[in-house]
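Each remark here refers to the structure printed beneath this line.
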């Protein structure tokens, strides 16, 4: 009994000692860190992965939206033919439906893409939304495709970008030049301009009393009357007195004699649509100062420019300045791809529109060209395709790819294809300098050319005067020249803030009630395009 009582007492004493030790440890720990003593280590916390920041796409300027291809303006030249008249137009809904059907059809059929279709995939990211992020483990080909489609998140469509324009007025209409949403991280969806010396697209318009560089009423030898606003009923010409001043660098002043010396024994070629023809006529007036030059030679036949039997005009014009053997020419190629009749004996035949071939003119005469300036944009609409009986072809056969049949995809595919071909020719033609000129903006307000659209503003710099962006507003053009030897002649943003420079309601060639908000008065904005070109060659 006595031994059992001692054991119980010893056990009780042991328990009390343990309790005292634990209490001492707890009290000591509480004094050090009173709230965290009973919490688990930080490394054991359950951490939820933070949501990825979703960037909002900025609203694009009116450069290369679907409207850019779906509508164009009809203006009859002095020979009586229409250069920009669609017989018909596509709505955005039709284009989107067409693309949706193409996507669903391809998914349902489960087709393996051909080589040609893979090439389409490389450029279709500019107009097609990206696919869902949650996918199975990608193959090597899918990884390449994802790299291309990743750019859609940066810029969907052809001109998804943020254009920074310093406004000079609080007029609500100025908002048409500013994007609705700007990125908060300072990034932008446009392609960089590859020019080490100077970004000529960044700058501001300033008044210069020494402008214009020539007289619009005297340059009759080179300037079509339908673009000479001095010969129209327009009475305000303040738009002629503006000069483009690049930011942080100077631009060489244009002089006709200096241009001819620089281009001695060389040929400058403009290849494109009616806006390219405007740039060509502007250059001829700038070189001659708007004066008549009877010594300048017409060398059109050397480049195949002969008016066909029953035709209204040749396929282009070429003139040579004998004192320096300098040739300046223009070739009409509204879509910048090869177009050929399917049956040369049938006047009503359809024409193959080879999206993957450069114009035949370039293939035949590129070896004679030293400076090449290309452009396209405003002829990609259903009215033109149907009216001219153009049928899209790829790899020499009619196109069956429904995605490529969408006009936005077809245009981008063609630009990439032609630029790529020209780039491949640069090593074969040492000294050749090639440029792709970005899209010239349209300024229809309140409708299109055939639905009451207008551009009545005649006050310069009323909606802005300065372009602050470092990059091109023409996303498609920027992407096409990236990584090539073809340079971007970026004129889109600086032309956007010159809505007063269009021919507008004063056109002498448009139908009654129709305004020309596509072409420019000359002298005018296209002169600046040539000044920048002169500084870059």
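Including glycine, each Cβ sits where the backbone N, Cα and C put it.
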With the ranges 60-113, 222-275 to choose from, which does TrEMBL describe as region 'Disordered'? 60-113
State the residue range annotated as region 'Disordered' by TrEMBL; the candidates are 135-162, 163-190, 191-218. 163-190
Mind looking up the mean pLDDT for the domain 'Trichome birefringence-like N-terminal' (197-250) in the predicted model? 95
According to DSSP, how is the domain 'Trichome birefringence-like N-terminal' (197-250) divided among helix, strand and coil residues? 10 helix, 11 strand, 33 coil
